[in-house]
């Protein structure tokens, strides 16, 4: 549930805030006329098929689950489990090829995100060497795990003390809390009229979550944690996600303004309101993320998921910081 919430948050909330605040701050040109912010539409068009694939990978298992014979529940669960594991292997392979495409063979298509001299300055950090980057990553992962354990220790209390449903916590609260620093960084770049970097954070994070984090969780549940993990999401969450992806296609012209930001934020607000007033929406899938005892079953998966999400994004940032060594430049 938190995986879907992370993607929805990036595509709707983060991009909406970037368009809104960036559009307001940079609303006028030097002549006082209204203007739109520009970003590299080629980058968006390159990653768009990956977002379409991610949508299909979430819809297919849920659709298959709904049409299978309900009387044979054991066989149905086994079918979805095998389908999810096979899909996870394919998605991980596609993510590897996406990284190779982005960092090796077609770097020029993503040049504005990582190498453009226009963005060198106050927002750039000094390039560090690879050993220092790896050491920093290990230390940060350790503290992320501690924070995740502390977070799940309070979830049950929140559910019992408030009327907020577990679906709301899994889809809305957890993704936004864990990604808050990244959200702020994206909005700050949008306000500074660096939309390529802002869009790159939102789209890149969504692709990483669906093509890397989600399938890796399925594989880890299969091979390490001994807990079945599938891509069978509740239909309500899938419908919301399917409607989200086409909305982002309207951005393929490479221009944005505060009105588009309001539209994205409005749709996200409707989703939040739906899960807030309907506590039972997402109840089934959210159960695995709300602990009833210390670090068992779903709680371990939640810690692993949180660590993977943050570690993957940190690794991407460190890869850019060490690109001269990793990419052979």
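A Cβ is built for glycine as well, from the same backbone N, Cα and C atoms used for every other residue.
Sequence annotations record features per position, and here TrEMBL assigns domain 'Sodium/calcium exchanger membrane region' to 2-103 (among others).
Among the features that TrEMBL reports, transmembrane segment is placed at 7-27 (among others).
Under the heading transmembrane segment, TrEMBL lists 47-68 (among others).
Non-local neighbours of the transmembrane segment (80-98) in the same chain are 50, 53, 57, 60-61, 64-65, 68, 207-208, 210-212, 214-216, 218-219, 222, 228-232; each lies 6+ residues outside the stretch with a CB under 8 Å from one of its CB atoms. The feature transmembrane segment is assigned by TrEMBL to 80-98 (among others).
Residues or ranges marked as transmembrane segment in TrEMBL: 132-153 (among others).
Annotation source TrEMBL lists domain 'Sodium/calcium exchanger membrane region' at 134-274 (among others).
Positions annotated as transmembrane segment by TrEMBL: 197-225 (among others).
Under the heading transmembrane segment, TrEMBL lists 231-251 (among others).
Under the heading transmembrane segment, TrEMBL lists 263-281 (among others).
According to DSSP, the domain 'Sodium/calcium exchanger membrane region' (2-103) comprises 82 helix, 4 strand, 16 coil. Scored by C-beta pairs under 8 angstroms, the transmembrane segment (197-225) has its highest count with 7-27, from the stretches 7-27, 47-68, 263-281.
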